[in-house]
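Novice: Take a look at this one; I'll ask things after.
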Amino acid sequence: MKNYDEWAHVFKLDPNKEITDEALEAVCESGTDAIIVGGTDNVTLDNTLSLFARIRRFPVTCALEVSDLEAITPGFDYYLIPSVMNSQHVSWVIGHHHKAVKEYGEIINWQELLLEGYCVLNGEARVANHANAQTDLDIEDVVAYARLAEHMYRYPFFYLEYSGKKGPIDVVKRASAVLEKTKLIYGGGIKNAADASEIAAYADVVVVGNGLYENLKEALKTVEAVKEHKCR
């Protein structure tokens, strides 16, 4: 298992999307640092378990990004807990978390939990609507959220989520500049090696999700692109 603070490249797999055994093998053996299992729509215990069982055939670190309490299952290396900092509904900031701890607090292995301070910035994405996120933010707003994530909440991760489209590099650069201990994760619109390399210049962790379902061959090239950039 690769420790989370060593991650540079991650693939995100959606339990609600089809992936062939051949494609899954290519993803899991690509050299990526981890696989995150997670999605927005129709994430169930059954499809989460099905995908997890297939991933576990390979020696790759696997984390569950929790979006629905009913889909939580033991066995993952880590459990990523999103807090949507720019949500306009308290449930997505702390409400769902309180409910989870109230129900499962006695059995939670706290060492496996990693909090993510999410900043959802693509207003057209399903996750923005789902989490009631205020997405019309300027760079200073994003920088403020990054500072909150590190200095007030002390989250291990601050996640810039553009979900399906590539965000402005200036936003990534400015957020990166104010973070020291908190790792900057970027996700959204990474389709090829050039995209990944550009983002890797500033983000600690590059997430490739939708791109692997659209063009697997190009998505696989992002692993080497990120690793090469981090070695410079």
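Quick reminder: no glycine exception, Cβ is built from N, Cα and C everywhere.
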Novice: Just to be sure I read the record right: K12, Y159, L160, E161, Y162, S163, G164, G209, N210 are listed as binding sn-glycerol 1-phosphate in Swiss-Prot. Which of G123, G189 is listed for the same site?
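Specialist: Candidate in the recorded sn-glycerol 1-phosphate site: G189.
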Novice: If you run the three-state DSSP split on T40 (Mg(2+) binding site), which class comes out?
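Specialist: Looking at the DSSP assignment, T40 (Mg(2+) binding site) belongs to neither helix nor strand, so coil.
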Novice: Specify the count of other C-beta atoms within 10 Å of the C-beta of T40 (Mg(2+) binding site).
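Specialist: There are 17 such Cβ atoms around T40 (Mg(2+) binding site).
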Novice: Between Y162 (sn-glycerol 1-phosphate binding site) and T40 (Mg(2+) binding site), what is the CA-CA distance rounded to a whole number of Å?
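Specialist: The Cα atom of Y162 (sn-glycerol 1-phosphate binding site) is 13 Å away from the Cα atom of T40 (Mg(2+) binding site).
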Novice: If you measure G164 (sn-glycerol 1-phosphate binding site) to D14 (Mg(2+) binding site) at Cα, how many Å is it?
Specialist: 13
